[in-house]
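Here the structure comes first, spelled out in structure tokens, and everything after it is commentary.
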Amino acid sequence: MSVAPHGKKRVAYYYDGDVGNYYYGQGHPMKPHRIRMTHNLLLNYGLYRKMEVYRPQIASFTELTKYHSDDYITFLKNIRPDNMTEHSKALQRFNVGEDCPVFDGLYEFCQISSGGSIDIKSLLAAATKLNKKQADIAINWMGGLHHAKKSEASGFCYSNDIVLAILELLNYHQRVLYVDIDIHHGDGVEEAFYTTDRVMTCSFHKYGEYFPGTGDLKDIGAGRGRHYAVNCPLRDGIDDETYERVFQPIMEKVMHSFQPSAIVLQCGADSLTGDRLGCFNLTLRGHGKCVEYLKRYNVPLLMLGGGGYTIRNVARCWAYETSVALDAEIANDLPYNDYFEYYGPDFKLHITPSNMTNQNTPDYIERIQTKIFENLRNIPHAPGVQMQPIKDDAVALEEEEEANDSCNPDKRFSIFDSDKMIQHEGEYYDTEKEGGEKKTVEICHKRPAEVEAPEADTLAKKSRVDPESSVP
């Protein structure tokens with residue numbers, strides 16, 4: 001699989017304005033407000049004019065339980081700050097407490113963050129050529145919550161939108177590649193697909209005395225999935241040049257060996273220099289080169305958010321990487337926006353690396369690459385799967401019943417109703433403020449009436465995901 005020249009990509013962008021309303025609690029480093037800052041920044045850069053903007057459907061209970069256990073999601077649905085004392089045992093069982101606190105609207109937050117990642121079927125199933133609305137790249141900065149387990153919250157993550165998205169993609173794609181450039185190991189996603197050869201997980205992360213403590217170079221998968229987990233453990237202070245030197249050769253080998261037909265990229269921004277919880281030294285350009293490199297393969301690409309705790313830099317990063325996806329140049333001088341004061345004192349897009357020591361020596365990087373290349377050579381060829389019939393909901397769209405039931409959040413939209421959710425260019429307009437400054441104003445949309453969808457496939461309830469069971 002070779003790298004193709006740059007070409008303009010059709011980009012679909014998912015955002016729900018409610019996501020910024022949720023609050024983990026005083027002093028907690030995870031701040032959903034960063035998503036609102038990102039959205040406002042890319043609006044004021046005018047990037048919305050170059051892509052289709054969607055407000056996604058929220059994930060239903062049925063969709064969330066395609067991976068997560070019923071009792072875990074039921075717990076998230078019922079737990080509230082005012083009834084925690086009644087559920088003390090369940091809080092401990094599901095690891096909800098300090099890192100993953102109970103807050104008002106927790107379940108709705110999970111529905112929103114997962115919805116944009118699940119709602120990709122009509123956009124990324126490009127190989128089937130069935131749906132009218134398709135995209136080369138789909139972006140959901142609300143997602144990327146890679147630590148959540150099947151029946152357990154972890155690392156600020158409650159529902160694993162990434163696993164849910166990959167399960168959806170496996171209905172249309174034989175092989176899906178997951179790439180994680182968050183500073184923390186993508187343990188929740190790796191665990192879900194550790195025993196399958198249809199998903200390769202590839203994580204570049206800080207390893208050692210660092211959360212979650214997994215992602216050793218020797219962790220390569222098990223059973224049919226042996227050699228399909230790639231872990232690149234890195235040390236403190238890695239800079240743009242070193243990261244590129246390790247990332248691109250490994251990804252070139254991965255793409256050649258695995259030959260995926262879809263890629264999911266988790267763009268955690270806590271690997272940037274100066275992050276509140278991080279210890280890497282990447283700039284926006286170094287981080288964004290990963291996006292640029294993978295999109296050149298012309299494989300359907302889902303870009304997700306993730307970690308990032310210096311929120312002004314998170315917004316900078318994801319606005320910049322939206323521009324990379326669009327092949328759009330944006331100015332280093334930040335446009336005036338609703339959160340302009342956050343970006344002082346320089347009010348620039350790009351950030352400067354620190355003078356921290358890069359502990360990733362050339363010898364260390366070479367040893368990592370050598371071991372990873374050795375593991376990848378054990379993949380005899382790109383694995384195949386038995387041909388499967390196309391799902392009914394992909395081909396019989398016009399036959400879907402459209403019974404309006406706007407009161408039930410566990411109902412799905414037809415593709416025709418979801419088309420109505422596209423935020424067209426006219427939904428935003430520029431207005432003059434005092435002093436001649438421009439401000440982009442967003443007009444909020446209500447969701448259209450939801451409609452009944454066919455019953456979801458019954459998936460095997462296993463501790464790890466069996467992708468074969470997610471294909472009809």
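Quick reminder: no glycine exception, Cβ is built from N, Cα and C everywhere.
Note that TrEMBL annotation is computational and uncurated.
When the candidates D99, D216, D219 are compared with the substrate site entry in TrEMBL, which names G155, Y309, the shared residue is D99. Looking at 343-368, 395-420, 447-472, the range tied to region 'Disordered' in TrEMBL is 447-472. Divalent metal cation is bound by D182, H184 in TrEMBL, and the record lists one more residue there from D82, D104, D270, D275, which is D270. D270 (divalent metal cation binding site) sits 13 Å from G155 (substrate binding site), counting Cα to Cα. Cβ contacts within 10 Å of H184 (divalent metal cation binding site), excluding its own Cβ and spanning all protein chains shown: 27.
The residues near the divalent metal cation site, meaning same-chain residues not in D182, H184, D270 whose C-beta sits within 8 angstroms of the mean position of the site's C-beta atoms, are I183, H205, G268, S271, L277, G278, G306, G307, G308, in sequence order. The distance from the Cα of H147 (active site, proton acceptor) to the Cα of G155 (substrate binding site) comes to 6 Å. Taking every pair among D99, G155, Y309, the residues recorded as binding substrate, the greatest CA to CA distance is 14 Å.
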